Amino acid sequence: LSFLIFCRKSKGKPNGKKPAPEEKKLYLEPEYTKSRITDFEFKELVMLPREIDLNEWLASNTTTFFHHINLQYSTISEFCTGESCQTMAVCNTQYYWYDERGKKIKCTAPQYVDFVMSSVQKLVTDEDVFPTKYGKEFPNSFESLVKKICKYLFHVLAHIYSSHFKETLALELHGHLNTLYTHFILFIREFNLVDPKETTIMDDLTEVLCSSSGSSSNGSGNGSSSSAGAQNHVKER
């Protein structure tokens, strides 16, 4: 279970140059943000039902999000190549993978996503981690593993928006992407599964998509102001 290594981050060194002007984010255009495949109140959908065990609820939803995000990425995977996406980047943030020994691996976006998906696939099909048989208990580390899974799944969603929204638009799948993102963000907020600092990079989108979806302020409601300042230099994680 040691495949999920903590992401590390360090601020880029100032080079005396003025930061490049931030590109206009197509996914924030009102004509696209209003596109959904349903108007359902996801805040109600993510709440733990009274008769369901918390770990069962986390397991069910995490597995479902993994499959849906994997499917969403597959729709644009032919455009996400080692040449077009030489790094796993989201806006001005670059992500690195860390192997089981903690070695930092600089990889292309498709390689990073493959690391994420293959590792999560291994976890969710492991009966010792995501038990499906009656009487089988969840491991003590289950919640922490779910948190790490959700963090990496967020990276994949954010990369689709940041680097492949034009392709998503061309395929007319932006309504599906917006709906999936809204549902996922409200879920991880409801159970505090991802550090708000990790999702700050997409706070502008989150505010637009989740403000009308019964979003609570469980952590990232005040992150948009700090997000603007964070874009002035390249970061590593």
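Heads up, residue numbers simply count up from 1 along the chain you see.
Positions of Cβ are set from backbone N, Cα and C atoms, glycine also.
Positions annotated as Zn(2+) binding site by TrEMBL: Cys80, Cys85, His159, His164. For His159 (Zn(2+) binding site), other Cβ atoms within 10 Å of its Cβ number 23.
Look at TrEMBL and you will find 211-230 tagged as compositional bias 'Low complexity'.
According to TrEMBL, the region 'Disordered' annotation covers 211-237.
Taking the Cβ of His164 (Zn(2+) binding site) as centre and 10 Å as the limit, one finds 23 other Cβ atoms among all the protein chains shown. Cβ environment of Cys80 (Zn(2+) binding site): Tyr73, Ala109, Pro110, Val113, His159, Ser163, His164 lie under 8 Å away, each six or more residues apart in the same chain.
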